Amino acid sequence: MFPYFIMLIFCGIPLFFMELSFGQFASQGCLGVWRISPMFKGVGYGMMVVSTYIGIYYNVVICIAFYYFFSSMSHVLPWAYCNNPWNTPECIGVLDATNHTNGSQPATLPSNLSHTHQRTSPSEEYWRLYVLKLSDDIGNFGEVRLPLLGCLGVSWVVVFLCLIRGVKSSGKVVYFTATFPYVVLTILFIRGVSLEGAFTGIMYYLTPQWDKILEAKVWGDAASQIFYSLGCAWGGLITMASYNKFHNNCYRDSVIISITNCATSVYAGFVIFSILGFMANHLGVDVSRVADHGPGLAFVAYPEALTLLPISPVWSLLFFFMLILLGLGTQFCLLETLVTAIVDEVGNEWILQKKTYVTLGVAVAGFLLGIPLTSQAGIYWLLLMDNYAASFSLVIISCIMCVSIMYIYGHRNYFQDIQMMLGFPPPLFFQICWRFVSPAIIFFILIFTVIQYRPITYNHYQYPGWAVAIGFLMALSSVICIPLYALFQLCRTDGDTLLQRLKNATKPSRDWGPALLEHRTGRYAPIIPPSPEDGLEVQPLHPDKAQLPMVGSNSSSHLQDSRI
């Protein structure tokens, strides 16, 4: 938690503000904003690649939550007992068989439960042997799990329908998806803290382990969680901010949203660990024995704890409905990022009118690419993508974004842009973080993470070398966009020498700046050419155009939304 708050203050909030101000100033998505320095447009493509990877596997997580939600619509939760066809002799449930009729009241534990080191819970076997039908190797795909495939289709249909009219429709939906989870969290929190053993679980959650403070992995995990939680370097913040009004106070927004977001994460920790403390007390074991991480927490440990509560199917429905809403909110942003980038990049009137079809095409592609993740080896691939495709590549992208804006475009220029947009320059703390602190912290975390790198594992399964190599290739596929596009831009830029080409490729393009003419003031004000009555020849302001463009040709989608 200590590294988490350090990363929030010195990296999370500053980078959040930078991306919001970046997108809002230019009214462009993650590709169009790089008119600020065309050579670094590869950063935008890297963001698109990261969003693509996350969008593919994130909806699979949502589809599993859908599956558990539908499975909870029963009198007895299917993972409550060990008397199912898929259970093994090692399965030991925490509910007595005599309570099978109501499936709600905790019973006396088997005498050997506390001493059993090889205990397999019914929720774990339900997850591994029934939901996933987990294969023994990442290369053994087995069959596609049709129930999961159906839920994946439902997930993508819901996402598409909510984005069918772009931000105008998703903006209304998120009023519900962003607020109702607080209601569910509060209900679960009140129920959790009222249970016996809840205090033990909360103390386990809050008690620091100072011996781990010098481990780079802890700081790397804190950075990854901040980047994931706030959405930095995904391109989504830039995209959503591009639909803001030009003079919207994005500084206030960034501080409020960042703090509220991370406070919610801490609040959710109380909800989770109060229930886990109750479960540990019920089993007579330490909280660390029942706590888990990743999919194991959401689909094994917490569902098992819910079976101990009265009317457990109701609590299970609430929990997985909350997970679905939280996941959909993230998925809306990921899909809109990709769609906006495609529409802005093409930029002609036809694609603007057919934006719904672009959204449909992206959704269909995401569904097809997610099918392998619903196979019996799907969870291996999901975790591989989660660990490599969007981990250290995010911090590299953020670091290069900071450097390009602060040192290539120039910090004074950017501070003046923000002052023109907000009416005040960024506070001194943010200026220092953007120029020095945030890039330095990101860089050192990246270095130490590489030094202390350990190959990925899932439970006791060790990933083979070729799978780890694929993971690294996925990670590099987003980062490699930056140097490749830089070389491409250098080759197509005019200049007699390499230095001249480099200078021309990094300076802002002519149409960089506010999208609407009414906001193009100061150094962005269009130069009025002399009229023929003055006896001077009228020269075009651009070699290919007779007038300075009011906006870039591919920003009209944002103007339409903002004017509406």
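Using N, Cα and C of the backbone, Cβ positions are placed for all residues, glycine too.
Quantities reported herein were computed from a predicted structural model and do not represent experimental measurements.
According to TrEMBL, the transmembrane segment annotation covers 6-26, 47-70, 146-167, 179-206, 226-243, 255-280, 314-335, 356-382, 388-408, 428-451, 463-488.
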Take the transmembrane segment (428-451) and find every residue of the same chain, 6 or more past its ends, with a Cβ under 8 Å from one of its Cβ atoms.
7, 10-11, 14-15, 17-18, 216-217, 219-220, 223, 392, 395-396, 398-399, 402-403, 405-406, 411, 415
Distal contacts, the transmembrane segment (6-26) - CB-CB under 8 A, six or more residues away:
32-33, 35-36, 219, 222-223, 225-227, 229-230, 232-233, 237-242, 244, 246, 248, 250-251, 253-255, 257-259, 262, 398, 401-402, 405, 417-418, 421-422, 426, 429-430, 433-434, 437-438, 441-442, 512-515, 555
Can you see whether the transmembrane segment (226-243) and the transmembrane segment (314-335) are touching - at least 3 CB pairs under 8 angstroms, only pairs 6 or more apart in sequence?
yes
Which residues, given as numbers and ranges, are at least 6 beyond the ends of the transmembrane segment (179-206) yet have a Cβ under 8 Å from it?
1, 264, 267-282, 287-288, 291, 309, 315, 318-319, 321-322, 325-326
